[in-house]
Each structure stands twice: as structure tokens, then as C-alpha cells.
């Protein structure tokens, strides 16, 4: 007690002015007690004030959040994307950033430790650095990190703390960091240049078939004497009243497609003249091709650019510059090993095309064609889709060049191509002037000569000898030369970007006069964008015909190229014809033809070809094996799949993860026991392997096993999740109704950042809906940053299944306001809701939507509509007016509706109107008779059904037994039951035995009913309905 008093009052001890302590006041002193009370009151007041301030701040924050929420428009799709900078979370991926920073600092301290002979510390730092790097792997977000990553970060932090205490020196650390930064920058720049070089190399390297074709053509040109032949209709070459085209190219196949597509769409092919200029190397091949394969009625001229003697270095600045030592050094230093990492020039400007005068010949059109007034210039990477003769009638309004402009907002304007830091450029041109495209240009040559356009071009080329005004190429000097002399044509004439942009508007492409594959992904390369390839390849059949005529098809390399072309275009019959015509088929031939069939969905034919190839000694590649396994999976060809599995083990493909995963997918569809065995044997299981197993368990109704696999995948092996595995687990939660587990998975989804994946969020909404938690489904839906039609349909279906019909209609109205189009799933869900409203107004409204959307002939939608109108004759009237009453699905729904209303005659009429009755229609009518007490008619209809060679199914059996039970036809019912019991093709269930017990019980045959219950097959146990039927008969 004394110690407590001393501690309590020690702060009240004072000293006198002379430093002597005053006597301590008694604990009972009223002054002391008053001071203590005042201090406590002040503390309480201060505490209350702080609490009040906190509450006020909270209220202000809530009010501000509410105001922001009011401004938030959830109907705008993708507007609030997580990728937008204004929605970046400053703390996002903090663990990943921390670990990367730690690795950097570990390398710094490791270098210092090594220099100071701190071997132990050096080894520890490098060990933790490697472990952290392994934990990070290829992760780009915290959600992708392994579960052990946080522990690694803590361990690294401890080691770095020790290193800092022992080694930290500000100057030394700064020097090391600076050196690392410089080294990293050098490495990044080198990798960028190597990447750019490889992209350019892949884009510009000529494929083997394209290389073989001109060689073969050139050989035949001289051997067969075509070098002495010429083209007909030479009188048309200088006729200005005709339609003249200029094509400058060294690619025979591409030029052929340009000419063929133009002639094919021309209204008057005989008036079209094609002036083709190529180089010396390809002149013989180009001429040979068009001599043997002249386009229908059109005129062709093929010239060699080297024959233009006037085009020399004394006249042409570009040619003079290309022959200069400086330019040769600039180009040919690219062959040195160091050139990929040296300099800052863009490697694309080292493309060999810039060394060819073919690329610059477009600036000399009046010199090449002195007697023509207008000419249409076409690049060799375009395809013509319309008659182009209208271009010659376009009034260029005194301009020289007619072209399509390419500028959009701030893109493709002059400042993108020209160096505006140079006063020669900035003083003469507008940086915001709109750019345009070469590829399809109509040139007025009369106006060209009048304005001396070639002289303007020469002037600026001379000024750019040191390449300070623009880089190499033809578009920058074209923009300068035709500045304020270019007439903008309608964009529909020329659609660009098919060589680099996979997101072009499909309608614009279809309606374009010319489509242009500008970019690296040319349509004749494997790099080509697949969905655009057909626009080019459709004109390749004429090329194939020409190759057949000349006997080139039988050559393996050319045959493979044609086969690949047809396979990718979906023309499998043509591909097979080429395959069988090829003399020597190699593994490439077999891979192309098998891949082509399997990739186009022709699984049976592809599998048969694979077996034929194996007999012929063909060795498949990994891609072919994966597709073959997929074919076995689609066809449920278990025996063939087992054979292929054996071949994979023997041939050494077993170690490839993609092949293992394909086998796993196949077995998961066939038998999960096999899949589990294969999964356990796999040494290298990736996220795909785990996702396949989890999905297979869910599909096989083994949801609990799916949960265990998911837990093992995440907790034990630390596999980085993907959306598919999460969706499978959520499906398992839905199947089992495990809402609690679903909530845990939802929390996991949020922690790992998958809630921004619309695919996963849709599954969460569906899971909550099927687990009867519509409120959580709506909350999840509301928090989605972006939504698609599936998102809205999932929530709508959840409202319907949870009998929240008013909310479903309100959601539909919100969906329409958001601009989301209703599909058949939306309409079917809404019609399910409409059944619960007495007033048919809502149903009529949905009906009008069905008509507007064109779903009147969709069986699923019309069945739902009829079901929604089930209490009136509107349904039948709609079906008759639309001509749908004869359709089996809709007719069956109508007769079922009438039978439930007791209108059996109307049911019979509806049944008779069905043109092609199936087992469902007959069963529905038999059930209708039984439901309305017409047991004899039901049995008679059963006899008619058998006369139509239709065998009863379990639904039919139940309908007949029910009719006999309610109609008192005991003997007939017993006879029919014994007949179906003997039929192994009909599987009877508990409901059939319960119905039979009811029939016997109604007839007073309780002993027989009891005996039937005892004789029920193994696996079936009498339910409450069977015992209830028996007890009700007592």
C-alpha cells in the first residue's frame, strides 16, 4: 500500500527555492484530491473532444464517399477499368515491389561483401537473392506470388539488416547502384534492339516456297524459250483513255493477287492496263508468270527497273545517296555482331527495301509513263474488293495526289514522320498537318508535270543527304513533296492496318474498295493475322491453278505451301487434292494436312489421316499430337486415345507438359480414375494440369474431391492460380450448395486480385445465386468494375431462381439503360418471371422485344413465351400466326398447356398439328390423357406410338402407369409394367415403382404391393411416396 501511495503522488513532490525538498502532502489533503479531480476532468474532456473530432471526420469521409458513389455510373462498360491511371492503388503489388528492391540491394551488398572478403555474408545474401527470385518467378502482381513469398521477404529483410549494419557506406552503395543502373540500361537497350531486329528479320525473310517459285519460273523462262516472247496489246500501253495501274514489286505471288483481285472485280477488264516494274533478279520470273497466266482480257506490261537508263546517280539524289560510302557503311554495318547493340537508329530503316529503287520509283511516274494523264498506284500488299474505275472520275480539285488520310486525333500527323527540331522543317510545314497513306493513290500526271513534283522531291532529298530531316523511307518525302497537293478521298476506298492491327472494324473491311496489309504481318507469311488471311487467300486459288498448269504443284516445298494456304482458308478438299498430288510427302506435308483437318473441326478425318501417316512412317510434332488427342477427346475415341498414349510414351513426347495436359483433358472426359492416375504420374504439373483435374472432378460430380485438390494446389504446392481453376471451384460450391466455402473462395479471390476478372466475377454471381443468396450476388455484381451480357444474365437468373421477380424486371430495365442487348438467355429468364404476374402486360412487353430482336423462330425462347402465356389461348394463337404450331417443341408445349387446363380436345388438336412427332410429343399426349382420366385412350395412343417404331422411354412408362392407376386399369398396368421390366433398354427408377405400388394399392392388392416393395432392385429403396401410397390404401 505504501508503494502504491508513493507511485501515485510522486509527481506532486516539489522543491523549495533553496533546493531543499518540501514535505510531502498527505494523501487525504483536500487540495491534492481537488487537483487530481481537475486533472481527470481535463483528460475526460480532451478524450471526448478527440472522439467527437474522429466521428466528425468519419461522417465527412462517408458523405464524400456517398457523393462520389452518386457520380459513379455503373452502366458504363469498361469506363472504370483497373488499368486506368486514376484508379491505380498506390499500395498495389507492394510485396512484389519490396522483393524486387530487396534483390537489388542484396546484389549491392553482395558486391561490397565480396570486395571486403565477407564470404559468409556474401553467400547468405546470394542464397536469399536466389530464393526470392524463385518465389517471384514470372509474377507481375502480388496475386501471382507464391504463398512462401512473404516469408522469403522477411528472411531477406533480416539478412539485409545485418548487411547494412556491417557494410553500409553511403558513397560505396551509391556508386554500386549507379553502376548497376548503367549496366541494366545497356542490357535493356540491347534486348530492345535484338527484339526489333528479330521482328524485322521474321517479317522480311522470304518463306522457302516463295523463294522456290521464282527460281523455278526463271529456269523455265529461259529453258522453254519464253525470253523471246512478248505480251499482246502493246497498243494499249500508252492509251490515256484506258485505266492504267502501276505496281512496283519483286514478289511474284503478291503481284499476281493484286492483278487477279483487280480484274475479278472490274466491270470492263479489257480496259485495264497493268504496268509492273520489278528488279533484275525477279524480272524473268515475273514475266514468265504473266506470260503463262495472263489475266482475263486485261493488258500486262512487265519491265526491269535496271533498263531505265535515265534513272542514274547523276539524275536521282536517292540513288546517289544509296551509292555513297556513308550509306553503305550505315547499312552493311548491320552485319557486324556489335551493330545490334550499337547506335540509336531504328533497325527497321535497315530493311533491304530501302536499298532498292523500286521503293522510290513512285516519285518518277511521269518519267516512266510520259504519255499517260492519270495512273493508279498500287502496293503489292493490297487486295482489291471493288471496281476501281470510279477513281479516275474523282475531281482532285487541282491536286496531284488522291489518297486516304490516316490521321486520327493526334496520331499520324507530320510531327510523327519529320524532324521539326530542324528549322528547315519547322519553317515550311505544319506539325499538325494530316498524314496520308501510300498503297492506293490516284495521281494526276498532267498536274504533276505542271508543278514539277519530281523537282520538289529532288530538292528535299538533296537537303536530307545527312538524314537529319527524316529517316529513310518513302512516306516522309512523300508527305513533303505532296504537301498541300493531296486530295483527301473517302476512307472506304482504302482501309489500312491489316498487317499489324488485329482490332479493325469488320464492317469497314468488308465494305472497303482496297484493303492494305501494311505492317510486318504480310498475308503470305506465317506471322499474318489469321482472321485477315482469308481476304488475301481467296484469290490464291487462281495462283494454284497456274502452278498446276506449269507442273509446280508436285514439288514438295511448293505443294506444302499451297496445302497450308488451303488448310488455313478452310478449303480442306482442295488441301487434300494437293496432298495427294505431291510426289514426295515429308513430315511437313503430313503435319500440315492433319493439323488443317483437326484445326477446322474435322476430327474423324484428321484422326484417320494421322493413322495413315503413322503407317507411312510420318513422325508428328508436338502441335499435331495435341490436336490428335483433342480429336480423340471430342470423338470419345477411348481406344484410339490409349494407342496414342502408348505412342507418346515410346516416342519420348511424354516429358512435354502440353502433351501431358492434353492427355489429362482426354481422360478427364472419359474416366476420372484414369485421369487421377495420370495426374499422379506427372512430374511437372503446371496450373493447367491442376485446373483440368479440378474441372474434371466438378464435371464428374466429385465436388468434394475438387475442394481438396484446390487446397492442395494452393497450400501445399504454391501453384499460381488462374481464372479457370477458381471458376471450377465456384461451380463445385454451387453444385453442393456450400455457401460458406464459396465465401472463403470469394475472400481468396479478393486477396489475389481475381475480382477484376469478369469471368471469375460472373462465376461468383452465379455461385451466390445458386446458393440462394441473391443479396450477395447483387452486391458482387455491383462491385464489378466491368460487366458483360453474361454478368447481367447471371444475376437475372439468380433473381428468378430466388423468386425475386420484381427485382428481375427492374434489373432488365437497368440493363437496357446500360445499352446491353438482351439475348435468348435474358428473354427466357424474363419469361419465367412473367408467369408470376397476373397482368399479362409484362409478358406482352417481352413478346414485343422478342419480335424486335428476331427471336420468333428460336425454339427455346418461343417455348418459354408459350409457357408464360400458359393461362390463356394467346400462346396457341401466337404459334399459329407465326407458323410454329407444327414445330415439335412448340406444339408439345401447347398441348401440355391445354392438358393442364383440362382442355383435352384442344390438346388433341395441337398434337395432330405437329408435323414430325418425337417421343416427347407422344409421351406428353399420353400423360395428357392420363391426367384427364382417359386411361383407355392413353393405352391406345401407346399402341399407335409403337406402330411408328418409337420405343417408350422412362417418361412414357411413368405416364402410362399413372394413367392406368388413375383409370383403374389394374391388369393392363401390371402387364405393361412386367413388359418394361423385361426390357433391358429401359431403366426404371424409384418413381416407377412408387407409381406401381399406388396402382396395386388403389386396387386393394396390398400383398402384391408389399411384395413389389420387397422385390425392388438393388440400389433402389422405397421412399416416402411408395410407403405413403401403400398406407393410403389401408
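Any Cβ shown, glycine's included, is placed from N, Cα and C.
Pulled from TrEMBL:
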| type | residues | note |
| --- | --- | --- |
| COMPBIAS | 1-16 | compositional bias 'Basic and acidic residues' |
| REGION | 1-34 | region 'Disordered' |
| REPEAT | 586-620 | repeat 'PPR' |
| REPEAT | 686-716 | repeat 'PPR' |
| REPEAT | 757-787 | repeat 'PPR' |
| REPEAT | 788-822 | repeat 'PPR' |
| REPEAT | 918-952 | repeat 'PPR' |
For the repeat 'PPR' (686-716), sequence-distant contacts whose Cβ falls under 8 Å of one of its Cβ atoms, 6 or more beyond its ends: 147, 657, 660-661, 664-665, 668-669, 672, 675-676, 679, 722, 724-725, 728-729, 731-733, 735-736, 738, 741, 748
Same-chain residue ranges lying at least 6 outside the repeat 'PPR' (586-620) that approach it to Cβ under 8 Å: 556, 559-560, 563-564, 566-568, 570, 572, 575-576, 579, 627-628, 630-632, 634-635, 637, 640, 647, 651
The repeat 'PPR' (757-787) [mean pLDDT, rounded to integer]: 88
Residues in the repeat 'PPR' (757-787) grouped by DSSP into helix, strand and remaining coil: 22 helix, 0 strand, 9 coil
Tally of DSSP helical, extended and coil residues in the repeat 'PPR' (918-952): 26 helix, 0 strand, 9 coil
Tally of DSSP helical, extended and coil residues in the repeat 'PPR' (788-822): 26 helix, 0 strand, 9 coil
